[in-house]
Structures are given as C-alpha cells and as structure tokens.
Amino acid sequence: MVKSNGDNPIRKVLGLGYWVQGFRCFPWMAVNFFLKDGLNVDPSTLQLLQNSANLPMVAKPLYGILSDAVYISGQHRIPYIAIGAFLQAVSWIPIAIMSPSSISVLTISIYLLLSNLGASIAEVANDAIVAEAGKQSISSKNSGKSSSGELQAFVWVASSAGGILGNLLGGVAIDRFSPQAMFLFFGILLSLQFFLTIIVHERSLNLPRSSTNAGIKKQLSELLTVLKKPEIAYSLTWFAASYSIIPALTGTMFFYQTEHLKIESSVLGISKVLGQAALLLWGVIYNRQLKLVPSRKLISSIQVSMAVFMISDMLFVKGVYRDMGVPDFVYVVLFSGLSEVLLFFKILPFSVLIPQFCPPGCEGSLMAFVMSAIALAFIVSGCLGVALASYVGVTASNFSGLPHGLIIQAICTLLPLSCSWCIPDDVKAKDKGNANAKDRRKDYKKQQ
C-alpha cells in the first residue's frame, strides 16, 4: 500500500521528478526570446518550432513499452528517469556553452528535440510509477475513498510548484542574464537530478512487480488489447480530439503582447506564475473537493471554461477592457497566464480516470500512449494555429485579424462537447451504482 506520509520514497522521487519537469518553463521562456530577438524568427516559425520540438513526445508508447518490459539492473522505472535527466542535461549544456554566432535555427532545433526526448522518457517512467502506486492504493482494502487520486494530485502540485518558481525566476532572469546563462543553470539542475536519482533503488518504492518477464512483443500485444477496450478507446479518442481540433495561437499571442503591446518580460513572467499557481491550486481543490465529481461532467465544464477565456481574449485584443479602464498589463497578468494553463486542467481528472480501466502490468505503456496522444494533439493544434493565423491575415506587424481568429478558436473548442458521451463513468461510480442496484433487488425480493 502507498504510504501518505512525507517520508515515502515514492513521494521524494516523484516530487523531484515532477518539480524539475515543471521547472522546464524556465529555459523555455528564454528559448522564446532567444528565437524572437536572437534569431529573428516570425510568429509562425516560432510556433512551428515550439510544436515540432514536441515530436519525441509522440513516441512515448515506445518508451512505455520499454519501461514495462525491459529491466535495467533489476529496475524498470528509476533507470529511465535517470536516462531522461541525462539526455536533457547533455542537450541544454552544449547550447549554453556554444558561441552565439554558431547557433542556427537548425542547431537549436536539434538540441530541443534531444531535450524533449529526455523529458518524455522521464515523464513516462514517472507517470508509470504514479499509475502503479495510485492503482495499488485504490485496490487496497485498507485504503479509503479519499486515497483515490491523492498521488496524482501530489505530483500535480509538485509540477505546478516547479512551474511557479520557473516562471517567476524566468521573468526576472531574462532581463538580467543571457538566455544561454539560463540554459546552463537548467543543465546543472538536471545533472543534480541525475545523480540524486541513480542513488535510489527501486525496491524502496514497493512497486508491484510483474510475475513474468514479458518481452517487448508481448507488452505491445497487451497494449493493443487494452486500447481496444471501448471505455479506453472512446475516451482517449475524444480527449485527444478535444485538443487537436483547437487551433493554438500561443506564438501569435506572444508576439502580440511583446511586439505590439510592448509588455515587459517580467510582466509575462508574473502572468505565467499566476497561471502555474492556478494549476497548483487546481490540484489541491481537486484532491479535496472534486475527486467524487464524475469525470465527464468535470472535463466538459473545463472545456466550456476554455472557450469563455478565448472570447475574453478576443475582447482584450479588440480593446474592450482598455476602454473600460483596465490597462493591458493588468489583463495580461490576471488572465493570460490562466488562459494558457486552463487546457491542462483536464489532464488531472483524466489521468485519474483512465488507469481504472487498465489491467496490471500495462500501466506504463497505457499512460505513455495517453500522453503521446496528447502531445500529437498539441502538434496538430499548433499547425492548425499557424494555418488559422495565415487565414485571418496575422503577421509580426499586423494583428487586425486576431479577434476573428480567437472567435474561430472558441467555436472549435465547443465542438467536442457534442460527443462528451465518449468519456466513461468512473469505476467508483459504476461500483456504487451496481451496489445500489443490488440493494434494490434485495429489497424487492424481501417484499416478495
């Protein structure tokens, strides 16, 4: 059973892992300014680079299968976390020490791909530990209902805390240090994570161990079998589509705020800090108040909220709030960061729901497939965003068509709600319903 106290080795490993992954926003903020100011890329190129760098995330099922099937020194989670930290370190440090004149768009793209490869491998192993330990907690007879989703909420908070600090420091550091200095700092942090991870042995985590040493082929076969389960296939298809159908305009909004409105980087940093704080608060609220709310209802509500924020952004771009006396930087601080992270709110309830339908031994593969589907959806969303920006005529100096783009974005966000029935009921809700049905049948028999 998963312990809940602070001395639990699982919490130490996952806390560090998710915190570091949340802190990745620190160097990525520097990447955005480095590409815009150092390499002089346009909004569409920036957005394409941001999304193409996520291509290694699409291969997460492969990493999940390897993690499930291939043991390294008798361990199949900890070594992959260490490998992920190592690959990230050897990608950021070279960028930091290279001569600025020798860095091209192609060079930095290759290193960013390597960084995201390491990040995706580490995330797969971390997600697998959460799925295994969380499921073990749910199935434990001594575990109450409150334990369901507790570990997911904990790592969510750890990741959000890393994001808060990363954005806070990033917004300040970008005005005082070069982007390469920020890359070096993060590379050193990843090196520290690597050395702290390799001294931990997986036995101390008390994870369930597969009774057979399944090979990669067998693990792949089991994953395909799991993906054919209707409750998993339908819900995963809907979840990925709910992201991919929305044309992302993040790169365009970044240029609009920094080039057109001349918003300072420190203001953007504070905005992103508030967004990460909202993510952290969401993890706490979900763990304490919303775990028993049906996942379908919760996820659909978040989808509607996303559309509302997009309409609010449209009013902001048209100057409605400015005419009401609200300065642009105030809106950016209070709402822009929250608008960016709101789409991630759905991941927490979904990550609690989907392992409930997964058989033992396939948690790593399934969660990796889920995250790869989300990564692919983000890439498709980014490409659609580039196409939409071109369609409405948005350029680095002309943002007159941005309000129309935001309206189209909001409409696309609401479309998946027509198929929300694809999201299954929680196992706990089904069990409760079955129990109530049995009680009603017993009462009926007694009356007879």
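The count begins at 1 with the first shown residue.
Cβ from N, Cα, C; glycine included.
Caution: TrEMBL annotation is automatic and unverified by curators.
Taken from TrEMBL, the feature transmembrane segment applies to 103-130 (among others).
Residues 2, 10-11, 14-15, 18-27, 29-30, 33, 126, 130, 133-134, 137, 181-182, 265-270, 272-273, 275-277, 279-280, 282-284, 286-287, 337, 348, 351-352 of the same chain lie 6 or more positions beyond the ends of the transmembrane segment (151-174) yet place their CB under 8 Å from a CB of it. Positions annotated as transmembrane segment by TrEMBL: 151-174 (among others).
Taken from TrEMBL, the feature transmembrane segment applies to 180-200 (among others).
Residues or ranges marked as transmembrane segment by TrEMBL: 236-256 (among others). Beyond its flanks by at least six residues, the transmembrane segment (236-256) meets 32, 36, 43-44, 46-47, 50-51, 227, 299, 303, 306, 313, 317, 336, 340, 343, 346, 350, 354, 369-370, 373-374, 376-378, 380-382, 384-389, 394, 396, 399, 402, 405-406, 408-409, 412-413, 415-416, 419-420, 422-423 of its own chain at Cβ-Cβ distances under 8 Å.
According to TrEMBL, the transmembrane segment annotation covers 268-286 (among others). Taking Cβ pairs closer than 8 Å, the transmembrane segment (268-286) reaches residues 22, 25, 29, 149, 153-154, 156-157, 159-161, 163-164, 166-172, 174, 257-258, 332-334, 336-342, 344-345, 348-349 in its own chain, all 6 or more past its ends.
Feature annotation from TrEMBL assigns transmembrane segment to 298-317 (among others).
Using a Cβ-Cβ cut-off under 8 Å and counting only residues 6 or more beyond its ends in the same chain, the transmembrane segment (329-354) has close neighbours at 127, 130, 134, 148-149, 152-153, 156, 167, 232, 235-236, 239, 242-243, 246, 250, 253, 257, 261, 263-264, 267-268, 270-276, 278-279, 282-283, 286, 290-291, 295, 298-299, 302-303, 305-306, 309-310, 312-313, 316, 321, 366-367, 370, 374, 423-424, 426. Taken from TrEMBL, the feature transmembrane segment covers 329-354 (among others).
The transmembrane segment annotation in TrEMBL covers 366-394 (among others).
Counting only same-chain residues 6+ beyond the ends of the transmembrane segment (406-423), those with a CB under 8 A from a CB of the stretch are 234-235, 237-239, 241-242, 245-247, 249, 295-296, 299-300, 303-304, 306-307, 310-311, 313-314, 317, 353, 388, 392. The annotation transmembrane segment is assigned in TrEMBL to 406-423 (among others).
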Selected stretch (most C-beta pairs under 8 A with the transmembrane segment (366-394)) from 103-130, 180-200, 298-317: 103-130
Spatial neighbours of the transmembrane segment (180-200) far in sequence, C-beta under 8 Å, 6+ residues away: 9, 12-13, 16-17, 20, 23-24, 26-27, 29-30, 78, 81-82, 85-86, 88-89, 91-93, 95-98, 100, 170, 173-174
